[in-house]
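Participant: Okay, so TrEMBL annotates it like this:
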SIGNAL    1-24  signal peptide
ACT_SITE  Thr190  active site, nucleophile
BINDING   Arg218, Val219, Gly220, Asp221, Thr241, Gly242, Val243, Gly244  substrate binding site
Amino acid sequence: MRRRKFLKKSGLSTAGLLSAPVLASCNTKSNATVAQTTSSSTKPIVICTWNFMNASAKAWEVLENEGSALDAVETGVKVEEADINNQTVGIGGRPDREGRVTLDACIMDKDANCGAVLCMENIAHPISVARKVMEETPHVMLAGLGAELFAYEQGFEKTNLLTEQSKKEWEEWKKTSKYETIINIENHDTIGMLAIDANGDIAGGCTTSGMGYKMAGRVGDSPIIGAGLFVDNEIGGATATGVGEEVVRTVGSFLIVELMRQGKSPQEACEEGVKRIMKKNEGRKDFQIGFIAVNKKGETGGYCVHPGFTYREYSENGHENKAVESFYQGG
Ligand code: SD4
């Protein structure tokens, strides 16, 4: 039975209403046994952190034309990397304390191949360099100048990533140099994207300029496989946005995929992921984290620390910006 309720083109609904039932096919022989279905019945779907309508639409175009999940996530997140108005991804991203824009990204495919770039300057599309690391090198991660030089070798052009707007704001920030994480106010707009293609294969990508005015050399969760992104083609995928230090501490995305492996739905797994983080941060309210996940059936879920986080979902049923429930109810 197909429900058409996703068709509200830019409507907002609560994830609770739409969340999927717990996976039922869990084999009881062992905890580690997989709760999954065969992929043949799974329909293409893409989800991404936040309300990135254009990025998810672009990824959906790839899926609709029977492109791979890997191509879909790369093509999709590049939309945000290219958007100078998005000050947390790619060109236009906020710089570090020294005024340098340094980018982090990673990508992972159905065969657990993965690639990442960390703290890379002057290249507009870190997700594509991450893919090149995955496909053209024996390594998973390249950082800093090494990543940048590799990108030039691969034909990427040198680009000034610091826009006038970001430069102006940074100069203003320098007057007080106060480093605070701001909950949901433009500080967390990393794009993490997960897609399932017509073959039922899953891939994911995550890309960011990191925390605004971070210490030089700081790297968060976004380019760290297992933290900012993880995909297991037998189970599903997860990705994160928010204060990366907290996501790294729990290896958040890997944790969520493992929880799905144990039989939790994407929704339940995301909730448990956030709760693990909050257990280590009792009483702390000064940071935001949002997780999203998809399982092999194409069921999705999301959860966050503070209200405000949403994720966009695109499938043959249309597209929708989904509000998610949060650990704190506000205040
Ligand atoms: C980081 N997770 O570098 C990223 C920050 C983020 O939108 O999500 N920014 O910690």
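Glycine too: its Cβ is placed from the backbone N, Cα and C atoms.
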Participant: Just to confirm: which same-chain residues, 6+ apart in sequence, have a Cβ under 8 Å from the Cβ of Val219 (substrate binding site)?
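Facilitator: Correct list: Asp104, Leu118, Cys119, Ala143, Gly210, Gly244.
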Participant: Between Gly220 (substrate binding site) and Thr190 (active site, nucleophile), what C-alpha distance do you get in Å?
Facilitator: 11
Participant: Applying a 10 Å Cβ distance cut-off over all chains shown, what neighbour count does the residue listed as 'active site, nucleophile' have?
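Facilitator: The residue listed as 'active site, nucleophile' is surrounded by 31 other Cβ atoms within 10 Å.
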Participant: Give the number of CB atoms, excluding that of Arg218 (substrate binding site) itself, located within 10 Å of its CB.
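Facilitator: Excluding its own Cβ, Arg218 (substrate binding site) sees 17 Cβ atoms within 10 Å.
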Participant: Return the single residue from the binding-site residues list (Gly220, Gly242) that has the minimum number of other CB atoms within 10 Å.
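Facilitator: Taking Gly220, Gly242 as the binding-site residues, the minimal 10 Å Cβ count falls on Gly220.
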Participant: Roughly how many angstrom lie between the C-alpha atoms of Val243 (substrate binding site) and the residue listed as 'active site, nucleophile'?
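Facilitator: Computed Cα spacing between Val243 (substrate binding site) and the residue listed as 'active site, nucleophile' is 10 Å.
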Participant: Measuring CB to CB from Asp221 (substrate binding site), give everything in the same chain under 8 Å that is also at least six residues away in sequence.
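Facilitator: Sequence-distant Cβ neighbours: Ala227, Gly228, Ala240, Gly244, Glu245, Val247, Val248, Gly252.
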